[in-house]
Amino acid sequence: MAPVGNLTATRPLQPWTAPTATDPVAATLRLPGSKSLTARALVLSALATGPSTLAKPLRARDTTLMAGGLRAMGAHMSIADDERWLVRPHHLAGPAHVDVGLAGTVMRFLPPVAGLAEGQVTFDGDPHARTRPLGPLIGALGTLGVRVDVTGDGSLPLAVVGDGRVPGGEVVIDASASSQLVSGLLLAAPRFDRGVVVRHVGPPVPSAPHLRMTVQMLRAAGAAVDDGTPDVWVVEPGPLTGRGWEIEPDLSGAVPFFAAALVTGGEVTLQGWPHSSVQPVEQLRALLHSMGGDVTLTTSGLTVRGTGTVRGIRANLSDVSELTPALTALAMLADSPSVFTGVGHIRGHETDRLAALAREFAGLGADVTESPDGLEIRPRPLRGGVFRTYQDHRMAHAAAVAGLAVPGIELDDVSCTSKTMPEFPALWSGMVTGKN
Ligand SMILES: O=C(O)C1=C[C@@H](OP(=O)(O)O)[C@@H](O)[C@H](O)C1
Ligand SMILES: C=C(OP(=O)(O)O)C(=O)O
């Protein structure tokens, strides 16, 4: 595996003072590829009948762990070139070990793949990964004919003991804790003997756009998928074809930069944005618009302009739950209160994000309350101070956004941004100082 900088769980803490903006930002950025697109493209490529390429993939901790996990099971991965990764499918077999790090994608997408391998594949990750929801996937795999040995309490560590084939069939799952529990089953399902029928029963599945992305990418790889009935997904058995995947820039990673345009009354353009995207750009456009920004797609890219006044909003963030930290920081700097709902499940993300956001912003003087499924924010002046990131890249994004307007916000550790964007601190400082 090509070195990717300091991406291990044992990386030393890297304190960082969030830079304050003295002028409106004016930046044109080329940001790394989407984590979610890269993860899916890697899995589908490893399960295909022929080779695939990924153009402009994301090189970050989560995606190198995904490539490493697939490689451990036998797939051939050439990922030294930043612009183009090559995946050659190969017979999948254990014994193998998959380090999931803290990546939800790796811990939910690869156990179903391991069911297709011959032999034992063990899974474990960072200490906090052991607390992230996995039980419904383990149960579903059992129903579909995959042996999963679990030593913990419905979570990591676990071992999948495969015999090279998965019977598949119908399964009922409560995926309210994470859309990834469904995506993981669907991505491997074309290779199951009978495909899969996944039926969700329970509170709403969050992050619906990520499920649409899974379905679109499966279809692009040649799978027959029916998602016409709400909460039911049918994947027919059949071959997946190798292909060239064009990875779009990461929209979620771009959001803190866009937020900077709103906070400072500046303008940020994300270069290389496609005319048609599988990421939830319309939902983001509506949210940023209601918070006082203007989002346009031009020949130079996706541009966000701000006025310097941020408006508070009331919004259900279920579709874009991973944006909650950056939007919370924006809401802290708004001219009126905000109420965010629909994101109870982010208590099971890299950290309990609702608790962590409430605690850390309260430490800077904020008036914020947690609800079971969201946050209520009543803006008032913040002060500098220590902001703990809990190994969560998006906590670092939130602190960076607030730091634009509040001098002296000291992150205990910014190295957590290596999960999805190792270059975040440099890109961010470059944007604020105008050196991008
Ligand atoms: O499938 C994916 O690529 C993702 C799905 C979402 O997970 P949840 O449904 O757990 O929110 C999202 O938050 C995560 O960052 C990426
Ligand atoms: C929730 C996130 O990641 P994961 O894929 O690890 O769930 C995220 O990136 O915000």
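Quick reminder: no glycine exception, Cβ is built from N, Cα and C everywhere.
As annotated by TrEMBL, active site, proton acceptor applies to Glu322. As annotated by TrEMBL, phosphoenolpyruvate binding site applies to Lys35, Gly104, Arg132, Gln180, Arg353, Arg394, Lys419. Feature annotation from TrEMBL assigns 3-phosphoshikimate binding site to Lys35, Ser36, Arg40, Ser178, Ser179, Gln180, Ser207, Glu322, His349. Per TrEMBL, the feature domain 'Enolpyruvate transferase' maps to 21-425.
Projection of TrEMBL feature records onto the structure.
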residue: Lys35; record: phosphoenolpyruvate binding site; DSSP (3 states): helix
residue: Arg40; record: 3-phosphoshikimate binding site; DSSP (3 states): helix
residue: Gly104; record: phosphoenolpyruvate binding site; DSSP (3 states): helix
residue: Arg132; record: phosphoenolpyruvate binding site; DSSP (3 states): coil
residue: Gln180; record: phosphoenolpyruvate binding site; DSSP (3 states): helix
residue: Ser207; record: 3-phosphoshikimate binding site; DSSP (3 states): coil
residue: Glu322; record: active site, proton acceptor; DSSP (3 states): helix
residue: His349; record: 3-phosphoshikimate binding site; DSSP (3 states): coil
residue: Lys419; record: phosphoenolpyruvate binding site; DSSP (3 states): helix
For Glu322 (active site, proton acceptor), nearby residues of its own chain (Cβ under 8 Å, 6 or more apart in sequence): Ser207, Ser252, Ile346, His349, Arg394
Which listed residue (Gly104, Arg132, Ser179, Arg353, Arg394) has most other Cβ within 10 Å, given these are binding-site residues: Arg394
Pairwise Cα distance for Gln180 (phosphoenolpyruvate binding site)/Arg40 (3-phosphoshikimate binding site) [Å, integer]: 11
Mean per-residue pLDDT computed across the domain 'Enolpyruvate transferase' (21-425): 97
For the binding-site residues Gln180, Ser207, the one whose C-beta sees the most other C-beta atoms within 10 angstroms: Gln180
Same-chain residues at least 6 apart in sequence whose Cβ lies under 8 Å from Arg40 (3-phosphoshikimate binding site): Phe109, Ser183, Leu187, Met213, Thr214, Met217
Largest tally of Cβ atoms lying within 10 Å of a Cβ, found at which of the binding-site residues Lys35, His349, Lys419: Lys35
Rounded distance in angstrom between the Cα atoms of Gly104 (phosphoenolpyruvate binding site) and Ser179 (3-phosphoshikimate binding site): 10
In sequence order, those binding-site residues of Arg132, Ser207, Lys419 whose CB lies under 6 Å from ligand 1: Ser207
Arg394 (phosphoenolpyruvate binding site) - helix vs strand vs coil (DSSP): helix
Contacting binding-site residues, sequence order - Gly104, Arg394, Lys419 vs ligand 2, Cβ under 6 Å: Gly104, Arg394
Distance [Cα-Cα, Å, rounded] between Arg353 (phosphoenolpyruvate binding site) and Ser179 (3-phosphoshikimate binding site): 17
Integer Cα-Cα distance in angstrom, Lys35 (phosphoenolpyruvate binding site) to Ser179 (3-phosphoshikimate binding site): 15
Alpha-carbon spacing, Arg132 (phosphoenolpyruvate binding site) to Ser179 (3-phosphoshikimate binding site), which is rounded to whole Å: 13
